[in-house]
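A.B. asks: If you scroll down you'll find the structure; I have some questions about it.
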Amino acid sequence: MQPPTESAPIGPVDASVVPRFAGIATFARLPRLDEVERADVAVVGIPFDSGVSYRPGARFGPAHVREASRLLRPYNPAQDVFPFGAQQVADAGDLAVNPFDIAEAVRQVEAGARELQERATKLVAIGGDHTIALPLLRAIHAQHGPVAVLHFDAHLDTWDTYFGAPTTHGTPFRRASEEGLIDLTASMHVGIRGPLYAKSDLEDDARLGFSIVTSEYLEEHGVASAIERMRARIGDAPLYISIDIDVLDPAHAPGTGTPEAGGLTSRELLRMLRALADRNIVGADVVEVAPAYDHAQLTAVAASHVAYELISAMAPRD
């Protein structure tokens, strides 16, 4: 670990001294939150997947992503920033959540996030399934009021219920909209694709107020056009970025619970995140990594790099 000075953050373990495959697997081999006085960004695992509707296993996502994050290095040339040198980033470990009671788990995530906000300015959460976005947005709202949500996903996640359940990985942005947590005039889904239950799913989402960039739009018009639409939509609103790893094509992210063909490449997603470095990003999550379906760590490598780009985009610039 790089020695702290009065002005420099504590960085990751020096890979020239301790090889990247050795040592404790905190995110990017960063210090634990209890090893720093305060963090600008805290990475927190939320090992909860009781809200899934198809393949389970995302509760093991945080550990899997941390293991893959050993590959990350201190300098990000694409953003020309040292994300762990320009700000103090630390690993806050995992929140303990009830796997048998969704309502209780949601309360625990919100309480845990609020407690972490006393030690860290911003949170990057690693899931876990997408249910966790709701309590995280509640905690963010307590600090910032309604926020713009940029939601990368194959699915809308604005359904009203699943099998009569109001809180699942398919409903977080419906509940958050109803609670006034989201600035819907500045919010957008990106990467939506695949079969729906009914055409009314899209109509219902539009009534809520979200804008959509579909996977088909990206194919036809390109990433630059999507970036232009995203930036115009967000404006200068405080921004929360929520990334379901199934926004990526299964070729890039097979290890997830509800894969859909025809998705983004990892390169396209990373490029879009880099274009947000001048926005007011106040928090983020990366969810739905299910290790049991992830051969060769393909999904975990993608997710760890996504989190790295988010942290880099949060870093202050001179």
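The backbone N, Cα and C atoms fix where each Cβ goes, and this holds for glycine too.
Not measured: the values here are computed from a predicted model.
What TrEMBL shows for this protein is this:
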type	residues	note
BINDING	His130, Asp153, His155, Asp157, Asp244, Asp246	Mn(2+) binding site
A.B. asks: Three states by DSSP: which one describes His155 (Mn(2+) binding site)?
C.D. replies: coil
A.B. asks: Quick one: of His130, His155, which of the binding-site residues has the smallest count of other CB atoms within 10 A?
C.D. replies: His155
A.B. asks: With every protein chain in view, what's the tally of Cβ atoms within 10 Å of the Cβ of Asp246 (Mn(2+) binding site), excluding that atom itself?
C.D. replies: 30
A.B. asks: Excluding His130, Asp153, His155, Asp157, Asp244, Asp246, which residues of the same chain place their Cβ within 8 Å of the centroid of the Cβ atoms of the recorded Mn(2+) site?
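C.D. replies: Checked against the 8 Å cutoff, the neighbours are His151, Ala154, Leu156, His169, Gly170, Val247, Thr258, Val287, Glu288.
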A.B. asks: I'd like the number of other C-beta atoms within 10 A of the C-beta of Asp153 (Mn(2+) binding site), please.
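C.D. replies: There are 25 of them.
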A.B. asks: Within its own chain, what residues at least 6 apart in sequence put their Cβ under 8 Å from the Cβ of Asp157 (Mn(2+) binding site), listed in sequence order?
C.D. replies: His130, Ala133, His151, His169, Gly170, Thr171, Pro172, Phe173, Arg174, Asp244
A.B. asks: Return the count of C-beta atoms lying within 10 angstroms of the C-beta of Asp244 (Mn(2+) binding site), excluding that atom itself.
C.D. replies: 27
A.B. asks: Tell me whether Asp244 (Mn(2+) binding site) sits in a helix, a strand or coil according to DSSP.
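C.D. replies: Its secondary structure by DSSP: strand.
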A.B. asks: Can you check what DSSP calls His130 (Mn(2+) binding site), collapsed to helix, strand or coil?
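C.D. replies: The residue in question, His130 (Mn(2+) binding site), is helix (DSSP, three-state).
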